[in-house]
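Per TrEMBL, ATP binding site is recorded for Lys4, Gln5, Asp6, Thr7, Arg8, Arg158, Leu159, Gly160, Tyr161, Gly162, Gly163, Gly164, Asn165, Tyr166. The feature substrate binding site is assigned by TrEMBL to Glu61, Glu66.
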Amino acid sequence: MTLKQDTRASVLARRKAIPDAERKEKSLLICERFLAEIDLWLASCEHSEASAKQLRIAAYEPMSSEVDVHPLLFAAYERGWEVFLPCMAKDTSDASARMVFFPIEQNHLTEQRPAFLDHPARPYLFGDLHAQGWREADEQLFDIAVIPLVAFDSGLMRLGYGGGNYDRFLPKLRDDCFVAGVAFEEQRVDRVPTEPHDLPLPRIFSA
Ligand SMILES: Nc1nc2c(c(=O)[nH]1)N(C=O)[C@@H](CNc1ccc(C(=O)N[C@@H](CCC(=O)O)C(=O)O)cc1)CN2
Ligand SMILES: Nc1ncnc2c1ncn2[C@@H]1O[C@H](COP(=O)(O)OP(=O)(O)OP(=O)(O)O)[C@@H](O)[C@H]1O
């Protein structure tokens, strides 16, 4: 096992060991902190224009033991923001998939739930997705980005599932996009093993 794989395995085991009630409580704290920081950011002069408009937030549909960002998503819908969630997609069956974001209405999380929300790692064909009406969003549209992670350190370096999806996604965002990682304290390590392509996050909210 490489150092990255080793770190992933041990941190995922720690994350999975968090009892459900604690995970729920910590997730709520992380979402509240995230919203409070967005409110401060919106109140600052530079972003007063942003506060007046309908914001676009790119996040993720939580799976397994990840931080449950649903409270943040529900608050976003409540505020009339547009929510975008990822899907792995490819042009042909033998092509490699890339992470794209689709606009997700609140009812897509419940009654009208698309299959890709339950199978985050499964690659879907663009042809099928387009036929179903899904249109990928331009990353430059996003005002806020919520970044999942497996491990992080005090230098704000992150380690994901190993697909390089977020390593490719982060450079596509606007410079003024509010980007933040979310994690449980159990995911903190002394030092995340890094490679030259790894980018630190501007901030990580943890509990
Ligand atoms: N919620 C969520 N959606 C996401 C990502 C993510 O990290 N989190 N992705 C980020 O790139 C992309 C999908 N990539 C993925 C890569 C690997 C695994 C994976 O290894 N899953 C394991 C479960 C691991 C665990 O238990 O925590 C599995 O399915 O067995 C899942 C998604 C896009 N959507
Ligand atoms: N900007 C990039 N452009 C092209 N390939 C990249 C880029 N960033 C990472 N990769 C490739 O993706 C693979 C996985 O990288 P890494 O192990 O750092 O992923 P990760 O950070 O754990 O995953 P993720 O970014 O999806 O959360 C590596 O083989 C790496 O070479």
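Glycine is treated like the rest: Cβ placed from N, Cα and C.
Annotations in TrEMBL come from automatic prediction, not curation.
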Within the set Lys4, Tyr161, Asn165, which binding-site residues show a CB-to-ligand 1 distance under 6 A?
Tyr161, Asn165
Within the set Lys4, Arg8, Gly163, which binding-site residues show a CB-to-ligand 2 distance under 6 A?
Lys4, Gly163
Spatially closest candidate among Lys4, Arg8, Gly163, Asn165, the listed binding-site residues, to Glu66 (substrate binding site) (Cα to Cα):
Arg8
For the C-alpha pair, I'd like the distance in angstrom between Arg8 (ATP binding site) and Glu61 (substrate binding site), rounded off.
20
Non-local Cβ contacts of Gly163 (ATP binding site) (under 8 Å, 6 or more apart, same chain)?
Met99
Any idea what DSSP makes of Asp6 (ATP binding site), helix, strand or coil?
helix
Which of these binding-site residues has the least crowded Cβ, counting other Cβ atoms within 10 Å: Asp6, Glu66?
Asp6
Measure between the Cα atoms of every pair in Lys4, Gln5, Asp6, Thr7, Arg8, Arg158, Leu159, Gly160, Tyr161, Gly162, Gly163, Gly164, Asn165, Tyr166, the residues the record assigns to ATP, and report the largest value in Å, rounded to a whole number.
20
Distance, Glu61 (substrate binding site) to Lys4 (ATP binding site) (CA atoms, angstrom):
24
Spatial neighbours of Tyr161 (ATP binding site) that are distant in sequence (at least 6 apart) but have CB under 8 A:
Arg8, Ala121, Val150
For Glu61 (substrate binding site), identify the closest of the binding-site residues Asp6, Leu159, Asn165, judging by Cα separation.
Asn165
